[in-house]
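Asker: Please read through the structure below; I'll follow up with questions.
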Amino acid sequence: MAEPIVKTITQYRGEFEETYEGLRKRATAFQGVAKDELVKYQEKLAQLQPQINAQRDELIQVLQDVNAPVEEGAPAKLMEALLWTATIQFGYHLAFLFIGGALSGLVGVVFDTYPAIFLAYLLIPIAAILHIKANNDSDVTTRFKILSIAAVEGILTGFLFSNRYLASWQPAPFISTAVLAAAAPIVAEKVGNARTAFIGGTVGAALGVQLVLGLLSGNLGFAYLLLSVLYAGIGFATVQFYLKYSANDTAKAAYYVQLGYFFASILVQALVFFLFGIPADAVAATRNAEAEAEAARAAAAPIPRK
């Protein structure tokens, strides 16, 4: 009676030992391969390090250069580029609210959360920039391609944040961009080619309008203030890069401004939603608790005598 059981247990033990040994050998081999690949990537990174350092230094230099004069005609071209940026941000905002947010259940049939994150914040930005780099289409076609990209991003991010809420309304990024665009030629006419005054006037106007709107609407909370400041920072960087590179290729510089400004704005929006957003379940629970407390107070209130 016991012999078959012992035989079976012995067989299973042997199988487990063989399986363990096979897994151990594979793990050892994988470690060797992984180590070799890591060494290769480290070597490639070391080879690219001078280029990375050069790009980093150039980036810092561009952002810090506030003394170079503003070239004649640059503010008007900047206005054109930023007005279309405001247009694509407005299209994104509509898609975010009315398709990705309101119809998140339908969007969820097509996308899961992690694929949507991968598409919205990695694959689509990289693909868009590479496409624009090799793009030979007309200006109108290219701009409407960027608008289409913004609409897709709005659907994806609206779906991703449909179950999170901020304590106050968020500032609309297209307002900052539109004010920055409108202020560019006006400020340039007042201050001439002085870059520091030009940047201060344009970026300051964009930030000031957002803060006034937040104050008047009663939404000037921390998240609103943080997003407004971050949008102003993006505007500052955008102006600096455009003034630096627009002279070489005005059309390409405009497209890069539009894509860079747009993708940076949705990244900071995602950051603020992630840090300060309240899950929909928590909001619903809070509202239910408030309703129950109100009902309890009403029930406990004394009935007035006639």
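Quick reminder: no glycine exception, Cβ is built from N, Cα and C everywhere.
The model shown is predicted, which means the values in this text are computed figures rather than measured ones.
In case it helps, TrEMBL gives these features for our protein:
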type	residues	note
TRANSMEM	81-107	transmembrane segment
TRANSMEM	113-132	transmembrane segment
TRANSMEM	144-162	transmembrane segment
TRANSMEM	168-188	transmembrane segment
TRANSMEM	197-216	transmembrane segment
TRANSMEM	222-243	transmembrane segment
TRANSMEM	255-278	transmembrane segment
Asker: Can you work out which residues elsewhere in the same chain, 6+ from the ends of the transmembrane segment (168-188), have a Cβ less than 8 Å from its Cβ atoms?
Answerer: 70, 75-76, 78-83, 85-87, 89-90, 93, 197-198, 201-203, 205-207, 209-210, 213-214, 217, 219-221, 223-224, 227-228, 231-232, 235, 239, 261, 265, 269, 272
Asker: May I ask for the residues of the chain that lie six or more residues beyond the transmembrane segment (197-216) and have a Cβ under 8 Å from a Cβ within it?
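Answerer: Sequence-remote neighbours of the transmembrane segment (197-216) are 66, 70, 75, 168, 171, 175-177, 179-180, 183-184, 187-188, 190-191, 224-225, 228-229, 231-232, 235-236, 239-240.
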Asker: Take the transmembrane segment (222-243) and find every residue of the same chain, 6 or more past its ends, with a Cβ under 8 Å from one of its Cβ atoms.
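Answerer: Those are 62-63, 65-66, 68, 70-71, 74, 77-78, 81-82, 166-171, 173, 176-177, 180, 195, 198-199, 202-203, 206-207, 210-211, 214, 253-254, 256-257, 260-261, 264-265, 268-269, 272, 276, in sequence order.
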Asker: Who are the chain neighbours of the transmembrane segment (113-132) in space, where the CB to CB distance is under 8 Å and they lie at least 6 residues beyond its ends?
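Answerer: For the transmembrane segment (113-132), the sequence-distant neighbours (Cβ-Cβ under 8 Å, at least 6 residues beyond its ends) are 142, 145-146, 149, 152-153, 156-157, 159-160, 252, 255-256, 259, 263, 266-267, 270.
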